[in-house]
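A.B. asks: Here you go, one structure.
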Amino acid sequence: MPALVLIGAQWGDEGKGKATDLLGGAVDYVVRYQGGNNAGHTVVIGEERYALHLIPSGILRADCVPVIGNGVVIDPGVLLTEMDGLAARGIDVSRLLISANAHLIMPHHRALDRVTERYLGKARIGTTGRGIGPTYGDKVARTGIRVQDLLDPGIFRKKLELALREKNQVLAKVYNRRRIEVDEVVEEYAAYAERLGPHIADTGLVLDRALREGKVVLLEGSQGTLLDVDHGSYPFVTSSNPTAGYAATGAGIGPTRINRVVGIIKAYTTRVGAGPFPTELDDKVGEELRRIGGEFGVTTGRARRTGWFDAVIARYAVRVNGLTDLFLTKLDVLSGFDRVPICVGYDIGGERVDEMPMTQTEFHHARPIYTELPGWQEDLSDVRKYADLPAAAKDYIRTLEELSGAPVSAIGVGPGRDQTLVINDLV
C-alpha cells in the first residue's frame, strides 16, 4: 500500500491532530516527520482532550504504531513527560518507535534560543524558546547529537564536550550567561537513555517493510505550509520543512511511496507570532473568531492572530504541496455571521495580484481583496452529513474549492472525533 501525507495548508494550528485521529482508524502507522515540541495537536475523544506535542496522534489508536521520524528534533525530557502523561490516562505508549537518526535538543540549544530571541528585541521572530532552531542549525552544521548517541555513553560525552567547547564560549562571553556543565548533562541524558532505549529503532527500515507488506502509513507534518523554512513567510517561519516534499526525507522512505497529499485548512485563517498576515482582523470580529474558535496555542498558550479565509495562500499551498484533497476544519466557528468575506487576491501598490507574491516585501505590503458570501445562522455542531449543511455553508465550501483548486473531501464541524463529515474517503 502507498503512503499518504497530512500537512497544514496555512500557518499551522489547522486541526491536523483531529484529521490524523480520524484517519488513524484506517492506517497502521502514523509518522511525525519534522518539527519538535514547538507545535501541538489537540485530539478530543468523548469527554477526554489530549494535547500532543511530539508523539503522533496515532498513539490514541490501539492498533496503530506511532513513529517519530528522523526529521524530528527531540527534547527527551519533554517526550518522557508526554509519554508518562498518556500512560497515566491508560494509553499504551510501548508501541512508540523513535528514529535513531533523529536529533536531540540539548540544554545549550534551549539556552541559546531564549537568549538570542531576547537579544533581538523588537526584531524577534517569535520563537517558542524550546531550542528547535539551534538544534536544526547544529544538524546542518554537522555538529548535532543524535538519538543513537544515547546508546553509546562514550560517544555521547565526546560529542557533548565538543559542542560545549563552542557553545559555552558564546553563552558566557557574548550573552553573559552561565556555562553548561558536561557532567550534569551526561547524568541527565543517561537517565533518558535508559528509558528511551527500548523505543529506538531503524524506523526507515521498519516503514519500508510495512509498506512492502501492504500496510497503510500516514505521514504527519507539524506546523503549516506558510511556516516552511523554504516556502513560508521567511524569516517568520519554523526551522524545518512542514511541506509535503520533506515528508519522505523526514520519515526515511522513498518519495514514490506517496500517492496522496491531504491539506488541512481552517475555514478562516490564524497564525501565531510575528510576520505578514494580509487578512488579519484587529477588531471585534477578530476577537469573536478567537473566542469561538478557542484560538490559543496548544504548546505556548499564546493567543492566535485571526483573519478571514485567504484563497491566495490556499492556492499556494495546493501548488507547493501537490495537494490532492482538502480537509476543511472549524466550519462551525463561522455560524452566526451575516456575511463571510473571502480574500480572492491582493492589492500591492495599486496592482491586483492573484498568486503568492514572489518577494516577502511584496507580501508584507499586500492588502486583501475580498468577495463576500452570505453567512448562515444554524449551529453545525450536530450535523453529520454534507447534505444536511445549510445552503449558504455549501456555497462557501464550493467557493473555497474553486478558488483553491482542490476538492474538499472532509469537513470538521467541532473538536470531537465524531464531528466530521466525510465526502470522499481519504484512505
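Cβ atoms here come from the backbone N, Cα and C positions, even for glycine.
Keep in mind that this is a model prediction, so the values were computed, not measured.
In case it's useful when we look at the structure, here is the feature table from Swiss-Prot:
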- 12-18, 40-42, ARG304, 330-332, 412-414: GTP binding site (BINDING)
- ASP13, GLU14, GLY15, LYS16, ASN38, ALA39, GLY40, HIS41, THR128, ARG142, GLN223, THR238, ARG302: IMP binding site (BINDING)
- ASP13, GLY40: Mg(2+) binding site (BINDING)
- ASP13: active site, proton acceptor (ACT_SITE)
- HIS41: active site, proton donor (ACT_SITE)
- VAL298, THR299, THR300, GLY301, ARG302, ALA303, ARG304: substrate binding site (BINDING)
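Surface or core, plus neighbours and distances: that's what I need for these features.
C.D. replies: Other C-beta atoms found within 10 angstroms of the C-beta of THR42 (GTP binding site) number 18, with every protein chain shown included.
Around GLY15 (GTP binding site), a 10 Å sphere centred on its CB holds 23 further CB atoms from the protein chains shown.
Secondary structure from DSSP puts ASP13 (IMP binding site) in coil.
Packing around ASP13 (IMP binding site) is summarised by its Cβ count: 28 other Cβ atoms lie within 10 angstroms of its Cβ, all protein chains included.
DSSP classifies ARG304 (substrate binding site) as coil under the three-state reduction. For ARG304 (substrate binding site), the same-chain residues 6+ apart in sequence whose C-beta sits under 8 angstroms from its C-beta are ASP13, THR270, ARG271, VAL272, ARG290, GLU295, PHE296, GLY297.
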A.B. asks: Can you give the largest Cα to Cα distance in Å, as a whole number, for the residues ASP13, GLU14, GLY15, LYS16, ASN38, ALA39, GLY40, HIS41, THR128, ARG142, GLN223, THR238, ARG302 that bind IMP in the record?
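C.D. replies: Binding-site diameter by Cα atoms for IMP: 34 Å.
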A.B. asks: Considering the recorded positions HIS41, ARG302, which residue's Cβ sits among the greatest number of other Cβ atoms within 10 Å?
C.D. replies: HIS41
A.B. asks: Among the binding-site residues listed here (GLY12, GLY15, THR42, LEU331, VAL413), which has the Cα closest to the Cα of THR128 (IMP binding site)?
C.D. replies: GLY12
A.B. asks: Which one is it: of the binding-site residues ALA303, LEU331, VAL413, which Cβ has the fewest other Cβ atoms within 10 Å in this structure?
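C.D. replies: Minimum Cβ neighbour count within 10 Å, taken over the binding-site residues ALA303, LEU331, VAL413, occurs at ALA303.
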A.B. asks: Which residues does GLY12 (GTP binding site) neighbour through Cβ under 8 Å, counting only same-chain ones at least six apart?
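C.D. replies: GLY12 (GTP binding site) has long-range Cβ partners ALA39, SER222, GLN223, GLY224, LEU227, PRO242, ARG271, VAL272.
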A.B. asks: Just checking, which of ASN38, THR128, GLN223 (binding-site residues) has the fewest C-beta atoms within 10 Å of its C-beta?
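C.D. replies: With the binding-site residues ASN38, THR128, GLN223, fewest surrounding Cβ atoms within 10 Å: THR128.
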A.B. asks: Quick one: what's DSSP say for LEU331 (GTP binding site), helix, strand or coil?
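C.D. replies: Its secondary structure by DSSP: helix.
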